[in-house]
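Okay, so here's the structure we're looking at.
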């Protein structure tokens with residue numbers, strides 16, 4: 001008898017196996033079994049799924065594009081380093097059923113997940129893990145095992161008292177709602193209840209006015225506070241009776257504090273909140289190095305998955321290294337190494353599809369090095385023109401266009417013949433006029449038509465000699481050059497030389513070592529240079545393991561394009577994700593005013609050179625932690641000894657770190673109640689990183705979780721910090737509870 005949906009699971013062009021897929025009754029687990037043997041091969045939780053991609057949005061499915069239409073194909077992408085699951089449904093309707101159903105379960109925008117629902121989901125997951133015999137009930141021995149799994153080292157007598165109090169049926173086991181009661185008793189938040197009672201006259205509820213007092217005094221909400229209080233009650237109070245009376249219960253208060261409104265990250269800054277009408281050089285730009293690599297720089301795999309993941313992560317500057325390939329087709333890989341290769345045309349096709357998924361985002365910028373042979377440069381220019389580099393109606397005529405003007409356009413960085421003005425103005429009357437909206441579309445279409453025709457002429461056909469061959473080479477060079485408009489690559493020969501001879505439409509690339517020398521020798525000149533021209537920084541060639549340098553020191557002098565190896569997790573990528581998690585995750589963050597002024601006196605090594613207010617004091621009370629994850633590959637029954645470290649990343653004088661004491665054997669609900677204090681001289685450039693580690697007195701502490709954000713995005717008051725894994729993915733419901741104060 002058929003169970004579930006029959007689909008093809010695909011691993012390669014030749015490996016396509018039919019499997020039955022089924023969503024379990026709990027709506028949280030999916031398993032699949034072999035059609036031939038009926039054996040269940042694997043299962044995964046909905047909470048493991050990061051996103052679902054439709055169509056040919058994986059390397060494997062792209063290779064099958066001619067065999068299976070995109071309407072039947074989709075990819076399940078998991079958190080962390082688990083491989084993707086590529087599937088082909090029997091019909092477009094069946095594929096849509098799965099795609100939309102999965103998105104309803106995993107995407108908060110489609111299916112709002114309240115803190116209570118997240119907790120219930122987490123409870124159900126743990127119940128299923130601990131219920132070894134799958135009889136739907138748990139005895140005390142199973143509960144003790146579960147506590148160890150949940151990072152709780154609890155006194156056996158206390159655990160037994162909680163167990164017996166929850167066992168309402170007196171059956172010696174916990175079922176369904178009884179286990180929920182046990183969980184609630186286990187997760188009682190005394191520190192939150194105490195805060196609630198400080199503002200509640202009767203200790204049972206917060207009236208509207210009491211909630212307003214809390215929001216003003218502690219959360220420092222000073223605009224529309226009464227309206228905000230009403231919204232919070234309507235949104236987070238679970239009792240209909242309490243909502244009707246405009247009061248907030250202790251449960252509702254906790255739900256608010258665990259919500260986006262109670263997060264340390266200002267929810268208004270999650271959306272696009274900055275001025276997007278500035279020139280490109282006035283923004284920090286999320287940038288990747290050797291984007292095609294998903295492993296190391298010597299023998300690692302090249303994959304279009306690298307581009308897809310980077311774009312999904314908000315990256316706006318991608319790197320494409322092109323080399324001669326078989327059959328006249330250029331290939332993308334790390335030259336002179338043993339990395340695998342992918343066709344350039346597949347990369348460009350992927351960028352053409354994935355770049356525009358978020359239509360509100362400004363343009364991606366692509367750095368493409370040309371192959372060496374004459375015919376393959378023709379192939380490269382044809383492929384790039386197929387995705388319409390700088391698509392849309394007309395090209396901005398300013399040498400320093402704004403982000404808004406460049407919206408929906410792809411910029412190409414590379415070598416260029418002549419100046420930008422030659423491309424914009426054209427050779428006299430031959431250049432179509434695109435300034436008039438009435439005829440701009442027609443002129444643009446004519447321009448594209450000419451370029452595509454150039455790309456279709458394959459220079460390897462026929463034999464040409466002398467002037468004819470030279471003319472072909474000149475046409476080819478011009479065709480490639482015309483794709484480069486606002487990011488002409490030029491060598492850097494010093495700040496004085498750049499001021500005298502360079503243009504805003506040009507860009508220089510510097511190694512991390514060269515950039516460090518410049519910031520040491522001429523910090524202010526470096527900042528001034530970056531107010532009017534783009535600078536790209538790339539990792540040292542010695543980083544063969546794809547490790548990263550600190551991007552912070554490069555941002556301190558205003559470098560816009562600080563390229564990192566996105567495939568390598570660590571502090572450096574935490575800082576990158578932390579900076580670009582704001583502003584709608586569009587990949588662009590506006591630099592502070594003193595880094596956009598061409599006459600600025602700012603030098604990161606001299607914080608007194610910054611114009612503006614004086615230093616600020618950041619005071620952080622680390623109160624407690626909730627349901628911290630266990631350390632990967634830890635022994636059975638091991639419970640962590642957590643501590644919290646707060647790191648300040650910014651200009652040299654602001655760099656600092658402090659940490660709490662460790663709490664022995666409690667990763668479930670540790671309480672620190674310790675206060676850490678920092679003075680920030682240039683808060684506009686500061687990033688705050690919260691790190692939880694498992695203390696080890698004999699060796700290096702183990703990583704547990706982290707969260708990083710820009711100082712400008714901090715919301716003061718009592719706040720929760722929702723922790724992320726080493727790969728930057730969410731690990732609900734793990735969090736820290738803190739109190740934040742900022743004073744001048």
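Placed from the backbone N, Cα and C atoms, the Cβ positions cover glycine too.
Annotations in TrEMBL come from automatic prediction, not curation.
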Per TrEMBL, the range holding region 'Disordered', considering 354-378, 379-403, 454-478: 354-378
Range annotated as region 'Disordered' in TrEMBL, from 420-446, 501-527, 528-554, 555-581: 420-446
Tally of residues which DSSP labels helix, strand or coil - the domain 'PH' (1-107): 26 helix, 42 strand, 39 coil
Cβ-Cβ under 8 Å with the domain 'EF-hand' (154-189): same-chain residues at least 6 beyond its ends: 119-120, 123, 127, 136-140, 143-144, 147, 254, 624, 626-627, 668-669
Segment confidence, the domain 'C2' (596-725), expressed as mean pLDDT: 94
